[in-house]
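Some features that TrEMBL has for this protein:
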type: DOMAIN; residues: 12-107; note: domain 'Pyrroline-5-carboxylate reductase catalytic N-terminal'
type: BINDING; residues: I16, G17, A18, G19, N20, M21, A77, V78, K79, P80; note: NADP(+) binding site
type: BINDING; residues: N64; note: NADPH binding site
type: DOMAIN; residues: 171-275; note: domain 'Pyrroline-5-carboxylate reductase dimerisation'
Amino acid sequence: METPKIAQKPTTITFIGAGNMARSLIVGLMQDQANVALRVADPDPLQLDAIRKHWPGVLTTTDNHEAMQGADVVVLAVKPQIMREVAEQLVETAQRSRPLFVSIAAGIREQALNNWLGGNLPIVRCMPNTPALVQTGATGLYANAQVSTVQRSLAESILRAVGITLWFEDEGKLDAVTAVSGSGPAYFFLMMEAMQAAAEQLGLRAEDAHLLIMQTALGAARLALESDDLPAELRRKVTSKGGTTEAALNVLTEGGLHGLFAKALQAADSRSRELAAANS
Ligand SMILES: NC(=O)C1=CN([C@@H]2O[C@H](COP(=O)(O)OP(=O)(O)OC[C@H]3O[C@@H](n4cnc5c(N)ncnc54)[C@H](O)[C@@H]3O)[C@@H](O)[C@H]2O)C=CC1
Ligand SMILES: O=C(O)[C@@H]1CCC=N1
């Protein structure tokens with residue numbers, strides 16, 4: 001006789017904050033059909049309406065304590081500037097139920113967060129990005145010493161449900177991860193906007209330009225991921241001597257594209273460190 005399968009208890013994950021990044025993770029997790037029960041807390045009822053509209057099964061509340069009761073994992077998804085205030089209000093519940101905390105906030109160090117939450121708690125800091133919404137996210141993770149092996153796997157499985165994950169043993173590296181992949185989607189979107197405007201100036205219809213740019217971005221990313229060649233070699237393969245690509249690339253390099261990217265990523269990295277210093 002076949003042994004009846006015992007349904008595994010779902011992992012309860014509570015989101016504190018239901019903004020852009022939390023929604024990207026929630027949508028990705030729901031699409032992944034992982035065995036999870038989700039709860040979301042946010043003081044803004046409009047943010048909660050947006051969640052309930054798409055996912056009526058998700059428990060929503062304006063009360064952070066209520067959402068945290070019995071949770072296995074609490075994802076802190078509020079802005080860095082209000083993290084201290086939010087965390088300090090959670091001390092009692094945090095110390096009583098001792099869930100795994102996962103903070104997605106840019107800059108806020110594990111030590112500061114642990115102090116605000118009353119201390120000695122398992123905390124994973126991570127830096128995801130919004131392509132999690134379409135399960136193509138990239139997340140850097142760091143775990144403190146209180147995180148058990150099981151909790152480390154749990155945190156990883158949540159973020160892996162929405163894309164790739166990379167662990168870092170040095171927490172300081174998360175500032176660079178923030179500059180590269182946390183903020184990174186915005187750099188590509190800005191490039192798409194700039195190409196769109198330029199394509200329309202060349203006389204293409206907006207919808208035609210949009211389709212060509214999106215497919216080119218997708219194709220370039222897939223080719224770079226799947227090819228044995230590095231991007232520099234792939235670029236050379238597009239660039240005929242004396243041809244059109246060379247003409248365009250000369251404008252971009254002479255205009256200082258490399259230097260601009262170096263400065264832009266340094267600015268993001270510095271801002272992440274500033275947020276840490278202001279909240280230590
Ligand atoms: N947007 C992005 O691409 C990424 C954001 N992050 C991090 O995610 C965090 C959230 O950023 P976003 O989602 O972009 O911001 P957001 O402003 O869209 O969302 C923040 C949410 O927190 C809510 N909130 C405010 N006070 C609260 C409280 N006391 N309790 C519970 N919720 C409260 C707000 O109503 C809002 O819905 C930030 O710490 C940011 O550094 C990390 C990676 C990427
Ligand atoms: O702009 C920010 O501060 C957040 C962190 C990475 C992406 N968005």
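Glycine is treated like the rest: Cβ placed from N, Cα and C.
Everything TrEMBL records as a feature, shown here on the structure.
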residue	record	Cβ neighbours (10 Å)
I16	NADP(+) binding site	25
A18	NADP(+) binding site	24
N20	NADP(+) binding site	11
N64	NADPH binding site	20
A77	NADP(+) binding site	27
K79	NADP(+) binding site	13
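The distance from the Cα of A18 (NADP(+) binding site) to the Cα of the residue listed as 'NADPH binding site' comes to 11 Å. When the binding-site residues I16, N20, A77, K79 are ranked by how far their Cα is from the Cα of the residue listed as 'NADPH binding site', I16 comes first. In terms of DSSP helix, strand and coil, the domain 'Pyrroline-5-carboxylate reductase dimerisation' (171-275) has 87 helix, 0 strand, 18 coil.
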